[in-house]
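Only one structure is covered here, and it is reproduced in the block below.
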Amino acid sequence: MTFLTSPSLWNLTSPVWLVVVPLLVAAMTWRKQFAGANWWWLAVAVVVLILAFVSPIGVLASGYLFSAHMVQHLLLLLIVPLALMLFLPRQLIESLLNRPSLSKFSALLSIPIVGWVAGLGAMWLWHVPSLCSAATQSDALGFVRSATFLAAGLAFWWPIYSPVARFRLDPLLAVIYLFSACAGCTLLGIYITFTPVSVCPAFANPVDRVGILTSLYQAGFTPMVDQQLGGLLMWVPPCSLYICAILSVLCRWYAMEDHASNENLPEASL
């Protein structure tokens, strides 16, 4: 669509560069410490982070379209943290967590419910109408919200994809963990989709800064329809991702069992 190429829909001066550039510089400066890391996942995290703020997603999420706001939040809460988690090398993280100064933090990470509450809690908390509107209209609070999503996302994925195996949940518990998270997203998505009340009043009467609202409204894409789409986005994509994660956990479990069986074959044949 031609309107996506409009300069007003691209925020090339987004503050996200203040995060992306130091992150890349640090990763390249200490690349020896990141030996064994999957650099493709870091590239995915950086690209998605840029898309979330620089592309039309970021511009439309800033008090314009609730559905774009939801896409941005899902990228920050689920996709970027997951990619970062898959990037982190085991040896580096294990050496850091074995330091006495980080013993309390390491103990906290070993409690799976902390990650679950962080992930679901952030999702629900920032969709309280007053908080949602305040964070949308305030750059400072919006920054806090984005940082909260990234931190909560890392905490959520840690018990599933931690680079250090001892912090990962047993497969069956991991399935319960992910399935219950899917249920939490479903409940929030259903509420947002079907409630007649605006869950984020900042999007109820947006200022048409880009010049597309009139066309959208004429096509029937009203603020309420926009909210319903946002509810569906909260509902379907996260659960689809959790199901994929469940399948990956089960595949990892099968591979571990198969490997253990192969190791026991010589002993069984004696």
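Any Cβ shown, glycine's included, is placed from N, Cα and C.
Tertiary proximity for the transmembrane segment (12-30) is limited to same-chain residues at least six positions away from its ends with a CB under 8 Å from its CB atoms, namely 42, 46, 49-50, 52-54, 58, 143. TrEMBL lists 12-30 (among others) with the feature transmembrane segment.
The transmembrane segment feature in TrEMBL is assigned to 39-64 (among others). Tertiary proximity for the transmembrane segment (39-64) is limited to same-chain residues at least six positions away from its ends with a CB under 8 Å from its CB atoms, namely 4, 8-12, 14-16, 19-20, 23-24, 27, 71-73, 75-76, 79-80, 83-84, 86-87, 136-137, 142, 202-203, 206-207, 209-210.
Feature annotation from TrEMBL assigns transmembrane segment to 70-88 (among others).
Residues or ranges marked as transmembrane segment by TrEMBL: 108-128 (among others).
The annotation transmembrane segment is assigned in TrEMBL to 140-160 (among others).
Feature annotation from TrEMBL assigns transmembrane segment to 172-194 (among others).
Per TrEMBL, transmembrane segment is recorded for 232-255 (among others).
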Ranked first among 70-88, 140-160, 232-255 for CB pairs under 8 angstroms with the transmembrane segment (172-194): 232-255
